[in-house]
Structure formats: structure tokens, C-alpha cells
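Asks: Got these off Swiss-Prot a minute ago, pasting:
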| type | residues | note |
| --- | --- | --- |
| TRANSMEM | 9-29 | transmembrane segment |
| TRANSMEM | 80-100 | transmembrane segment |
| TRANSMEM | 112-132 | transmembrane segment |
| TRANSMEM | 136-156 | transmembrane segment |
| TRANSMEM | 166-186 | transmembrane segment |
| TRANSMEM | 204-224 | transmembrane segment |
| TRANSMEM | 256-276 | transmembrane segment |
| TRANSMEM | 288-308 | transmembrane segment |
| TRANSMEM | 312-332 | transmembrane segment |
| TRANSMEM | 346-366 | transmembrane segment |
| TRANSMEM | 376-396 | transmembrane segment |
| TRANSMEM | 402-422 | transmembrane segment |
Amino acid sequence: MSRRQTWSLLLIAFGLFYLVPLSNHGLWIPDETRYAQISQAMLLGGDWVSPHFLGLRYFEKPVAGYWMIALGQAVFGENLFGVRIASVVATALSVLLAYLLARRLWRDPRTSLACALLYASFGLIAGQSGYANLDPQFTFWVNLSLVALWYALDAGSRRARLLGWILLGLACGMGFLTKGFLAWLLPVLVALPYMLWQRRWRELLGYGALAVLAALLVCLPWALAVHAREADYWRFFFWHEHIRRFAGEDAQHSRPWWFYLPLLVVACLPWSGLLPSALRQAWHERRQAPVVFLALWLLLPLAFFSLSRGKLPTYIMPCLLPLALLMGHALVQRLRLGNSVALRGNGLLNLGLALLALAALAYLQLRKPVYQEEPFELFLVLLVIGAWAAAGLAQWRYPLRAWAAPLLASWVLIALLPAAMPNHVVQNKTPDLFVAEHLDELTGARHLLSNDLGAASALAWRLRRSDVTLYDTRGELKYGLSYPEHSQRSVPLADIRQWLWRARQDGSVAVLLRINSASDRYQLALLPGDGERYRNGNLVLAILPQVRP
């Protein structure tokens, strides 16, 4: 196959597996609805400086990630595709960086393509590409900063070196505007030991200052603007989002230190079987500069994230590009030597996982059916398992010819699995679809009320309104609700009947509830019995008409 045919086929695969599925399923709560609503509010209200969630101050992240999601909605519409396109573009750009860096490191087209394909099909990377959150964007900026660092260090001229360091600073600045100070820390974690090992610390001091200047030029305009607008922003963002998350006893998502070690293996599926051989080869080549650079990029951020008390699976996404390059390099070396042991092992692993998934599905369907009268969704999940099994079998039987078969497994998974979810999961986790079914009933509502932030943000995004009152919940909006002017945006349980009576005198009230517990059922029981009610799974929508004083 010619190079032109290869790239044409990959572009078709990108459209089919990454772009087409973006509009095939609703927004997942809590992340997708939150980011969709915040960015939509920026687009509609014109405030591009201070992030607001449901009209309340929301200082957990800077603004660039919201800008990109808002740009997607501005260009493609306030729809599922528009909300998610920023993540796909960021992932595609990271894949391109994997290709370019591999080409610069080893100057071999086959290795470059293999590294890019492995990275694009890593389960965690591919899965997040169609999910509207900030991690794919942040990962791209970190990747760009470290690729720029290598280009600067490997430059053959002073001009190229200057451009590399400037690009490093610009990427750090955009990463900071996306997710904060980590965008500065991670490149330093890699650059400092590598340049000390290379005995180039003078270059680090000189050109590093240029990178810092470039980063400041990107960050300072917004940093000063948000400080002028919201004097408390930097205190909250630094202490709550960085210090408390890293070292606080009450850190969110607390996990043991070893949490990321098994997760790293899972994140590499369907290529995890190549990990031992790739790490072994990296150890044998440990004195080579490219391998040292990639190893530092993989291990030092991984160690930093492992030391943090707060951990989420997506935090390690910046560690996966160097791992893909190490694995792709080892893979091509084995293909050239005709060594099929690792490839056969990887194929057997994927085949075993598919058979295990099939057995688990059969067991659940017999004991407590996951799919109830949902033949199409069941067919889709069987198709995913079948593709995974076929890819594993092909790589096991024909390892040197079908080495790329796991690509099919990964891409079929991300394309079909969201649409293959059972109805009870869809009803519980994507409330915007339920809201979309009742837009006519909701459009005339004077007041909106919800007991769940995910449902509230879905309601706000679909109706293009931020004024949803919270019913006996605060959650991550506790800080925004602490401002006196917003104290009435949350109604405690004891006051709900009085609040509803006053609100209904002003116009109709739409109440969207998620019913997951006894306390939620009690919240539902406190609502007046008149009006219209609609139910879908654990979602209840009540339209309470206006009453006379």
C-alpha cells in the first residue's frame, strides 16, 4: 500500500470511528454537561474572563478549555458534535505530535506511523477523544511543550533552537490557561534532570528564561483580567485546586499511591501485551538520549501523580505519548527481526479478554439481565466483543502480517460502545436526551429547579438558560453559592414548599429530579401533586402550572 493510500485510509477511519459517533449519544454527567453549559454561557453572555457554572462563580479551572469548547459550539452549533469536537481535535493533534516526534527521534517512517497508531488506539486516549472534558486539551498542550523541548534540544541552528524554546513557552502558557500550574511543572520535571544528565544546564538557564517569558505573555493578560474582575480567584484556584488536591487530607478522589500502576496497563489496551518487551528494550537502550528523554517523560510525571492524594484515571494521559513511542519503537524492531513472541502474546491477551467479556455478559444476562428487551443495543455490544476477539485471534495467528489488528478492536469499541449502553444507564447518565424530548413543555417555564447538578446543567444547556435553582444540593457549587447575591439559588428541603408557592405565583415551574435514593424519593414526595409529570428511568420531570396569589 502506498503512503498516499495509507493516509487516505487513516483519514476515512478517523471520520468513521472518531467523528461520526460524536452525535450518537447524549452528554454524560457530570463532566460533559458541566463543560457544555459553562462554555455555552460564555458564548451567549460574552463573559470570556470569569467562568460561571449555572450563573454562579466557578473557579476550579482557568478559561482556555472553555474557550475551545465554546468555539466548537460557535462553529458547529450548540449540539453534541459542537460540544465534543474540541476533544477530538486535541487528540488528533496529539497523534500528529506522536508521529512527528517519532520521526525526529528515529527518522524511520514505519516507526513513526506505528507510534502514532498505537497512541491513537490506546484505550484511554481513544475513549477520551469523544468526551467533552479538559483532559484531551491539557494533554495536547503538555505533549506540545515536551515535543518542542526535544526539537529545541535537537535543533541544528540557533534559529530553530530559539523557535523550539518559544513554542515550549507558548504551549506551557496555553496548558496553564487550560488546567493550571501543572502545565509548567511537568515540562520542568522532564527538562531539568535530562539537561543535567546532558550537562547542558547553562542552556536550560538561558533558553529557559525565554520560554518563561513566552508563557507569561500568553498567561498574563487573562491572569490580570480575572484578578481585576474576581479578586478571590487566585486564592481559591491555587489553594483549593492545587494544594488541597495534592496534599489535603480531604482531597477529592483519594486513592492509594499505586493506583496508577495497574491503570497504566489498562490504559494501553489493546496493546498492553507489548509493555514487557517495550520496557525491556528501553532498559537495554537506556544510555541512548531519545530513550532517556522518553523514560523521564513517562516516569517522573507518573511518580508525581502517584504522590498526589487526589487521583483520577485521566490525570496520567500526559504520560501515554512517550509510552506509545517506546512501544512503537520496540514493535517495529521486532517486526524487522521477525520476532513474533510479544505480538502473539498481545493477541492472545485480547482474545482472552474478549472471551471473558462474553462470558461475563452471558452470566449477567442469565442471572440479572443488563439488557432487557434491547436487542439492538445487545447486538452492538456483541459486535464490539466480536471485533475485539477477531482482532486478538488475527494477531495471535498471523502476528507479523496482522500486527495492526488491535486498531480495529479499539476503534470499534469507541465508535459503538456509547450507543450500546443499556437503557437504564442512558436514562441515568445522559439526562439531556430526556430534556430534549420535552423542550416544548419546558420552554414556557418561568422557573427551573433540579436536585442534581448534572441534571441541572443538562437542563440549562438544552434550554440555553443558566438560572436553574438547586433543590437541596450544593456540591461543587458550594463556593459560588457562598456569595450573598446568589444565596437564593439553592433551596433547602425545609423551604421547598414555600419557595414553590412563591415561584408559581410568578409563572410555571419545571422541576427535573434524579431519583437514586430514599432522600431523592422524599424530595419528589414534597412536590405538589398537580401539573404534568413525565418519567424516564430514574428521571422525573414535573411541570407545575402558575397559581394565583
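We count from 1, first residue shown onward.
Every residue, even glycine, has its Cβ placed from backbone N, Cα and C.
How about a rundown of where these features are and what they're close to?
Replies: With a cut-off of 8 Å between Cβ atoms, the residues of this chain six or more beyond the transmembrane segment (136-156) that come close are 64-65, 68, 86-88, 90-91, 93-94, 97-98, 100-101, 104-105, 128-129, 163-165, 167-168, 171-172, 174-175, 178-179, 182-183, 186-187, 190-191, 194-195, 198, 200, 207, 293, 297, 317-318, 320-321.
Here the transmembrane segment (166-186) has long-range neighbours at 61-65, 134, 137-138, 141-142, 144-146, 148-149, 151-152, 210-219, 222, 237-238, 241-242, 301, 304, 318, meaning same-chain residues at least 6 beyond its ends whose C-beta is under 8 angstroms from one of its own.
Long-range contacts of the transmembrane segment (288-308) within the same chain, counting only residues at least 6 positions beyond its ends with a Cβ under 8 Å from a Cβ of the stretch, are 105-106, 146, 150, 185-186, 189-190, 193-194, 197-198, 245-247, 251, 257-261, 264, 282, 315-316, 318-319, 321-323, 325-326.
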Asks: Would you kindly check 9-29, 256-276, 402-422 and say which stretch has the most C-beta pairs under 8 angstroms to the transmembrane segment (312-332)?
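Replies: The stretch with the most close Cβ contacts to the transmembrane segment (312-332) is 256-276.
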Asks: Check for me, if you would, whether the transmembrane segment (402-422) reaches the transmembrane segment (204-224) - at least 3 Cβ pairs under 8 Å, residues 6 or more apart in sequence.
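Replies: They are not in contact.
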Asks: Which one of these stretches, 9-29, 204-224, 256-276, has the most C-beta pairs shorter than 8 Å to the transmembrane segment (112-132)?
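Replies: Going through each listed stretch, the top one turns out to be 256-276.
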